Amino acid sequence: MKQNIELDKIREFGDIISDTFVLIRQNFKPLLKAYFTICGVFMIGGILASIMYHTQHVYGDTPSLFSFAGTLSFLFGILNHTALVLTVICYFILYKEKGNQPPNIIEVWGYFRYYSLRVLGTQFILILAMCISALFCVVPAIYLFPIVSLVIPIMVIENANVEYSIKKAYHILKGDWWLTFGVLLLLAVIVLAAFAVIFTPPAIFWGVSQWLTGRALDTSFIIIRSIIFQACEVLGILPIIGITLVYYTLTEQKESNSLINRIQMFGKSNSGADEHQSEQY
């Protein structure tokens, strides 16, 4: 039986990608169970909001992001993504604390509830920062993307505030920006490819159906499309695990936390053995 993946270690680019898939395979059932249990309400809300937004086409209205349905759909999109990010990170914090063993849902929920408001507020700040940087030029937004991606993992794993998390992200990314960007880019391409494979067949079916019958898109297609879009959110687990492994890699390179912990544990075990020997004498 293959040993469970250890998070606290330095990895090269290829190791980060391969270990991301190994972690998903080893934790597939408990991780998905935690995700659907905790994030299910946000998924259902997102589906309903998306249906409300896109059915405006059916009734001849032009959908607007600033309408009630558009605003609701946008908010549920942020809530769903934030819940996904937080659930996955909390899961792997507990996974590490339990000696590389899967945690249960109650444990993940406890961590999720503790960090939820802090992470949600930070997520809005980060989205605003990315939007402002994108307005000036695409290049600043691309540069900030790896930094922004590390802020939430740092905040949750180290129980830190926003200021500390941003400074820490800048610090550990020095000299390793391309590694982080490369991991995120490759995993994003994989997620988009998987999404295309899932969504293309029903899109072709409904497109051909519309062409043959001459009917416009009906409510049934909108419902199916909304469900598929929300279901594909689960693919976002991939880059979240990837950036979590990047965090542990960069932290180990810059601070060598796991080595220090091992030395401390070794010192404690040796002192315990010496005390035991002195008691015998």
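Backbone N, Cα and C define each Cβ position, glycine as well.
Bear in mind that TrEMBL entries carry predicted annotations, made automatically and left uncurated.
Quick look at what TrEMBL lists:
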{"type": "TRANSMEM", "residues": "34-53", "note": "transmembrane segment"}
{"type": "TRANSMEM", "residues": "65-94", "note": "transmembrane segment"}
{"type": "TRANSMEM", "residues": "115-135", "note": "transmembrane segment"}
{"type": "TRANSMEM", "residues": "141-157", "note": "transmembrane segment"}
{"type": "TRANSMEM", "residues": "178-207", "note": "transmembrane segment"}
{"type": "TRANSMEM", "residues": "227-250", "note": "transmembrane segment"}
Report task. Using a Cβ-Cβ cut-off of under 8 Å, list the residues of the same chain that are 6+ residues beyond the ends of the transmembrane segment (34-53) and lie near it. Result -> 63, 67, 69-70, 72-73, 75-77, 79-80, 83-84, 87-88, 91, 103, 105, 108-109, 112, 219, 222-223, 225-227, 229-231, 233-234, 237
Report task. Would you kindly check 65-94, 115-135, 178-207 and say which stretch has the most C-beta pairs under 8 angstroms to the transmembrane segment (227-250)? Result -> 178-207
Query raised in the report: Residues of the same chain, at least six outside the transmembrane segment (178-207), with any C-beta under 8 angstroms of its C-beta?
Result: 13, 16-17, 20, 142, 145-146, 149-150, 217, 221, 224-225, 228-229, 231-232, 235-236, 238-239, 242-243, 245-246, 249-250
Query - Same-chain residues near the transmembrane segment (65-94), Cβ under 8 Å, at least 6 residues beyond its ends - result: 7, 23, 27, 30-31, 34-35, 38-39, 42-43, 45-46, 49-50, 52-53, 56, 102-103, 107-108, 111-112, 115-116, 119-120, 123-124, 127, 152-153, 156-157, 230, 233-234, 236-237, 240-241, 244
